Amino acid sequence: RMSRVARDDSYDIWRLGRTILLLSWGVVSINGQSLIHTNSGYDTLSGVDPICWVGQAEEQQQQPPKSNTEGGSISLLNPDFVAGSIDRWNDCFVGTQLNVKAPPEHLIGSGILHSLMEYSFHVTGTLNLTALSQELSSRYNTTASQTASQTQTEPVWELTPPQIAIRLLFCEATGHFCSPFSLDQIAELSSNPTTNDEPIDDHGQDHHEEKHDAETLVTPVTLLDVNSSSTMIDFDIAVLATMPHEGLFIPLGIIELFVQNDDNNNNVSSSTMRVDIANMLTERVLEFQKPPAIQLVSQGLEIVVYFMIGVGAAIQLGMLLCLVKYRNESVVQLSQGGFLALCLIAGIIATVSSVLFNATTDLHCQLRAPLVLIPCQFLLAIVIGRIRRILHLMSPVVNWGHTASRNQRKSSRYLARMLPDFAAKSSMDDTTSSQQTPDSTTEDDANNSTTPSEGNNNNSNHRSSWSIRNSLKCAGQVIGSHTRPSSSSTRAKSIRAEFSVLRLWMWIVGVTLPQVVLEIGGEIFFPTSLTLELNDDETVGRYQCESHAYHYLAYAILLATLLFLLIISQQSRSLPSLFNEADAIASSIQMVFFVNIIAVAIVILSRDPAVNPGIQYFVLVMTILCLTVS
């Protein structure tokens, strides 16, 4: 217990000393200097250059593999230490460049990054191996340099193996002191997280290091194979990183390589050196927020929608079976049952495919428009063709009835207009008849010897019958002068019309073809994919199919077709009540049109990422069911 208390006291003293050291480091850094004495490295106040440090490698360390043919991430240095102290250079060797680029998500939009999401950092740089060899020879191989000056040769340091290890280190900006020199310690803690009570050698510096969650700070090693004979190395490596929690982090890009002197005859304590190069992200600090709350369609709503889709598909399937069963009936044949069957099949396909409005993969986004819009367009095309057929067949009958009524009204107008002439002619005939009556009476009296009273009665009756005959004759002349009798063959020909099946197919293909062409072009030139859309502060989001302006044209064509169908369906209301099929279609189309208008408004308002996607999903499915079932 006493030893534990003493160790705890020494640990507290060490923490106090480390705090004083950090404060001193901050003061010196403000004055433009640093503890590692670089001239313009990123550790200075405004430096952006990389920093380099070199140390002698462990003689007994396990050498990394000679190549990375398998392509897997391996631990390059195992054990990951160097022997003795390290030499931190004021400036890296000539031709050294190392940069870390932030993910594209940080450079566009709001620039907010999220934990538990994978991002791609790019580490780019240039290494001059000739300059590195010269620098190492001048610093660590004095005897070899003197020998080389006498023999006019220079010792060569080569990569052993011809690989470069690249990885990222994330330091918590608001946490403990972090430097790239503690990278080896973090790697060791990652491999042995429960056995870190003893001090760990940090490039020759012994101190007690706190436990760190290494997985949150270090990315796996990425190996870059290089040509052993190359003197200049340029690289651009994408390093994937996933932060497990939110916070402020400073990304450091670090590359590690081994070089070996091929002149082993000189007095060199170790012919293998390890070179580390590091640089900080230019933006310095990246903020990682909590992952956005992803809104999904609830399981209960999915069950309800599946049930309604099943009921709608079952209704249409039952109608299709009945149509097939009674296909030989005269009513079905008169209604062109084949086109009705195609209409029901298209409706079933669109109904079942409406489940794709709740897209969870890219394939769902790519299939839902062709499998829903094209059958709906085909269904509307069949209905348009049938209404055009009904109107074409019934219009001669309606026109003939209107013509007969119009002729009757015209005759009445002519008769009223000719009444004065008719009256004048009638009176003239009466006068003539009255003048002729006495002679005839005298003649009758002479022949028959009738009494005067009987003669007067006979004359009066004779004049009345004569007047009626003349009136009917005059009316017939007036009406006949303004109406033309038509033969039975002319009347039969005027009410006869024909609408062939080929003409009906032309209407169907003409209405459906634009939608098919649009969908094929969209899949080729503007393929859709499932994307995560977030609100402004990127705290809430949902998955939606990425849409191009081109894709909205397909929905516009469907609505335009529905509007055209509504217009021509209203013309069918003037047909006789005996032919009420078109009137029922008109009522159904009117209801479907207004339902679609309301659905479009709801879908537009519910596209915000903060709105639950179940609303949009339910409305779209109900719209398709209303169109196909009704």
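Counting begins at 1 with the first residue displayed.
Cβ atoms are placed via backbone N, Cα and C, with glycine included.
Automatic, uncurated: that is what TrEMBL annotation is.
Under the heading compositional bias 'Basic and acidic residues', TrEMBL lists 201-213. The compositional bias 'Low complexity' annotation in TrEMBL covers 429-440, 447-464. The domain 'G-protein coupled receptors family 3 profile' annotation in TrEMBL covers 298-394, 499-626. Residues or ranges marked as region 'Disordered' by TrEMBL: 189-213, 426-464. Feature annotation from TrEMBL assigns transmembrane segment to 303-326, 338-357, 369-387, 549-568, 584-605.
Outside the transmembrane segment (303-326) by six or more residues, the chain places 332, 337, 340-341, 344-345, 347-348, 351-352, 354-355, 358, 617-618, 621-622, 625, 628-629 with a CB less than 8 A from a CB of the stretch. Across the domain 'G-protein coupled receptors family 3 profile' (298-394), DSSP helix (H, G, I), strand (E, B) and coil residues number 86 helix, 0 strand, 11 coil. For the domain 'G-protein coupled receptors family 3 profile' (499-626), the DSSP counts in helix, strand and coil order read 90 helix, 11 strand, 27 coil.
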